[in-house]
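This report concerns only the one structure given below.
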Amino acid sequence: MQSLTIPRPDDWHLHLRDGAMLQTTVPATAAVFHRAVVMPNLVPPVTTVAAAMEYRERILAEIPAGMSFNPLMALYLTADTTPAEIAEAAANEHVIGFKLYPSGATTNSAAGVKSVEALAPVLAAMQEHQVPLLVHGEVTDSDIDIFDRERVFIERHLIPITERFPQLKLVLEHITTADAVKFVENANSNVAATMTPQHLLMNRNDLLVGGIRPHNYCLPILKRRSHQQALQQAALSGNPKFFLGTDSAPHVQANKETACGCAGCYSAPAAIELYAEFFSQHNALDKLANFASVFGADFYQLPRNTETIELVQQPWTVAETVDTATGPMVPYWAGSDLQWKLRG
């Protein structure tokens, strides 16, 4: 049986939700990943260091005995965020950065920013204190096609931000387009990007052909195949600017299979195996370790993990559903096979 040992990976973009859902989401991620950047789009959003530390305690309470897991908290950037709050966040080792959500771009983003330009004083403070800006890169104008939202955001906002604040550490999250790949490649070393399993393994045909497939629906939405290929090439290139961020986003089945279904793929139960599937498909399993375990830690200037995990080539089928305290959840890739499995 073939096997692959890599340093324990980190998930640089994760949604755990709150309350009883943590009983399901925290163990699923802690079983594999040493660290995860936890997104702040709760209701109400996590906008202060104090709120983030309270949320972190709720997460820590759900880590199973014998597991080590370090949640790194992202704060929700709003029009009311102050430079003083940036300084407070910079002094807290458990805060990784601030998340920029354009208002209305994704789940629970109503409190998001309506004017990126108005953030200049806060971005200056983030640059000064070297606090990373984590970006959901989509405009939300009603006249912009949903498949163009990322490209327009880059042109309208990200290029000006990086030109004005060249020392600001910036992560363009869950990239989906060739435009995003080009932007990150052309930017300086302070700019990086996370990539999800679904955007590497699928394109919009997998969402829309043969019926609407709600469990493949996420935001930013899956794009055409040429964009998928650009993402794949970037992940396979070994460029350290591109690294793992699942954007695993749990929603109960009833909220996905409905007339107005929620956006998000719950990939945590098979996360590292999904990435292994992608790299294996491209005969590039040797690239998995850096993508999953090295590049993100290096970008955030955090120590690389010394523990290891082992994957074995052993076909298995992802469960059709995952039980939670608030109802069944359909994981990403449900009922489909993967070729690699985490040992243990």
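Indices start at 1 and increase along the chain as displayed.
A Cβ is built for glycine as well, from the same backbone N, Cα and C atoms used for every other residue.
Source: prediction; values computed, not measured.
Sequence annotations record features per position, and here Swiss-Prot assigns Zn(2+) 1 binding site to His13, His15, Lys99, Asp247 based on sequence analysis. Among the features that Swiss-Prot reports, substrate binding site is placed at His15, Leu16, Arg17, Asn41, His136, Leu219, His251, Ala263. Look at Swiss-Prot and you will find Lys99, His136, His174 tagged as Zn(2+) 2 binding site. Positions annotated as N6-carboxylysine by Swiss-Prot, on the basis of sequence analysis: Lys99. The feature active site is assigned by Swiss-Prot to Asp247, with sequence analysis given as support.
Counting only same-chain residues at least 6 apart in sequence, those with a Cβ under 8 Å from the Cβ of Asp247 (Zn(2+) 1 binding site) are His13, Leu14, His15, Glu173, His174, Thr194, Thr196, Cys218, Gly264, Cys265, Ser267.
Sitting within 8 Å of the Cβ centre of Lys99, His136, His174, and not among those site residues for Zn(2+) 2, are the Cβ atoms of His13, Met39, Leu100, Tyr101, Thr106, Leu134, Val135, Gly137, Glu173, Asp247. In this structure, His174 (Zn(2+) 2 binding site) belongs to neither helix nor strand by DSSP; it is coil. Comparing the binding-site residues Leu16, Leu219, Ala263 on other C-beta atoms within 10 angstroms of each C-beta gives the minimum for Ala263. If you measure from the Cα atom of His136 (substrate binding site) to that of Lys99 (Zn(2+) 1 binding site), you get 8 Å.
Spanning the residues His15, Leu16, Arg17, Asn41, His136, Leu219, His251, Ala263 that the record associates with binding substrate, the maximal Cα-Cα distance equals 19 Å.
Of all the binding-site residues listed (Arg17, His136), Arg17 has the fewest other CB atoms within 10 A of its CB. His13 (Zn(2+) 1 binding site) counts 26 other C-beta atoms within 10 Å of its own C-beta, drawing on all protein chains shown. His174 (Zn(2+) 2 binding site) is surrounded by 26 other CB atoms, counting those within 10 A of its CB over all protein chains shown. For the Zn(2+) 1 site, the Cβ centre of His13, His15, Lys99, Asp247 serves as reference, and the other residues of the chain with Cβ at most 8 Å from it are Leu14, Val37, Met39, Asn41, Ala74, Leu134, Glu173, His174, Gly245, Ala249. Here Leu16 (substrate binding site) is positioned 15 angstrom away from Lys99 (Zn(2+) 1 binding site), judged by their C-alpha atoms. Note on His15 (Zn(2+) 1 binding site): other Cβ atoms within 10 Å of its Cβ, all shown chains, come to 24.
When secondary structure is read from DSSP and collapsed to three states, Lys99 (Zn(2+) 1 binding site) falls in the strand class. Other Cβ atoms within 10 Å of the Cβ of Lys99 (Zn(2+) 1 binding site) number 27 in total over all chains.
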